[in-house]
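Peer 1: Pasting a structure below so you can have a look.
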Amino acid sequence: MVQINKVGVVGSGTMGAGIAQLVIQNGYTAIMFDIDQETVNKAKIGIEARLDRLVQKKKASIDEITSAKQLLKSTTTMEDFKDCQLVIEAAPEKIEIKRSIFQQLEQICSHKTILATNTSSLSITEISGQITHSKRVAGFHFFNPAPIMPLVEVIQGLKTAPETIEALVEFAKALNKEPVVCMDSPGFIVNRVARPFYNEALRIMNDQVATVEQIDRIMKRAGNFKMGPFELQDFIGIDINFAATKSVHAGYYGESRFKPHFYQERMVQAGNLGRKANGGYYRYDE
Ligand SMILES: NC(=O)c1ccc[n+]([C@@H]2O[C@H](COP(=O)([O-])OP(=O)(O)OC[C@H]3O[C@@H](n4cnc5c(N)ncnc54)[C@H](O)[C@@H]3O)[C@@H](O)[C@H]2O)c1
């Protein structure tokens, strides 16, 4: 099995930075890439600040954090991935961007390097479509925030080799995560089972059965969820959540149980995207 020591991360946004942090906290080298220096610098500063907070909260020692920081390299040159045993792509959720990244990675890395994508909803099989050695391509789906959320979906595309899945499962365990293997399908497991959680809540609200606050409260109190469906949409980003719903709905050829709710689209049109912009179902400026 491939021995993973050095991990490339493509994209240093929310997920890429979180994954790079997780990798270095567990003693592996991370090479974090983004398309411009400013973005990658910002991500590095963010990771260092989060690591420093762990020391302040007494969740890690200064020595541990100093060693972790030394394992983080940032770059705007993809050639720096050439001796990575694993590259995890966390670029925007657009098929053409991901396919182009995988084609570049194929030119740079050894054909033994595992190429993984953190996609939430795109097909692994489609992303790897133009890759010659596609048996080493798989989904490696972390949840936000990656250093904290325990679950990782390890997704098998139609051409993914069992040894690729095995290596990713072992690596997920080495990162202290709980891997779940699943087949390449719209929404995989989590984003599929989560659709009714959001969609039905939107229908309940729109039918005036209960308010946003009431629905969130009952899901937390009675359902023992950490966040209600509206709080969670605000946290994820209503645009991101709406895109995932549309993708799962389209992926199952318009199956009605996955049908998006028009109100979510209205929120996106209004720019009410949740915590990141303008507030969403709740306000965050008070
Ligand atoms: N945000 C979440 O909660 C979440 C959870 C799980 C999975 N995901 C998936 O992770 C991936 C990244 O999502 P995110 O929320 O981190 O997005 P993001 O917008 O925060 O970050 C994307 C990063 O990719 C960079 N980028 C843009 N074009 C690029 C290119 N051509 N090559 C390399 N990098 C490029 C951007 O500069 C940005 O820094 C997506 O596939 C998304 O579906 C997101």
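Just so you know, the numbers here start at 1 and follow the chain as drawn.
Glycine residues also receive a Cβ, built from the backbone N, Cα and C atoms like all the rest.
Unlike curated entries, TrEMBL annotations are predicted automatically.
Copying in the features that TrEMBL gives for the protein in this structure:
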- 6-184: domain '3-hydroxyacyl-CoA dehydrogenase NAD binding' (DOMAIN)
- GLY11, SER12, GLY13, THR14, MET15, GLY16, ASP34, GLU93, LYS98, SER120, ASN144, LYS276: NAD(+) binding site (BINDING)
- HIS141: site 'Important for catalytic activity' (SITE)
- 187-284: domain '3-hydroxyacyl-CoA dehydrogenase C-terminal' (DOMAIN)
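What does the local environment look like for each feature on the list?
Peer 2: With a cut-off of 8 Å between CB atoms and residues at least 6 apart in sequence, the same chain places THR14, MET15, GLY18, ILE236 near ASN144 (NAD(+) binding site), listed in sequence order.
For HIS141 (site 'Important for catalytic activity'), the number of other Cβ atoms no farther than 10 Å from its own Cβ, over all displayed protein chains, is 24.
The domain '3-hydroxyacyl-CoA dehydrogenase C-terminal' (187-284) scores a mean pLDDT of 95 in the predicted structure.
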Peer 1: Could you check the binding-site residues GLY11, GLY13 and say which one's CB has the most other CB atoms within 10 Å?
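Peer 2: Ranked by Cβ atoms within 10 Å, first place goes to GLY11.
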Peer 1: Specify the count of other C-beta atoms within 10 Å of the C-beta of MET15 (NAD(+) binding site).
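Peer 2: Taking all protein chains shown, MET15 (NAD(+) binding site) has 22 Cβ neighbours within 10 Å.
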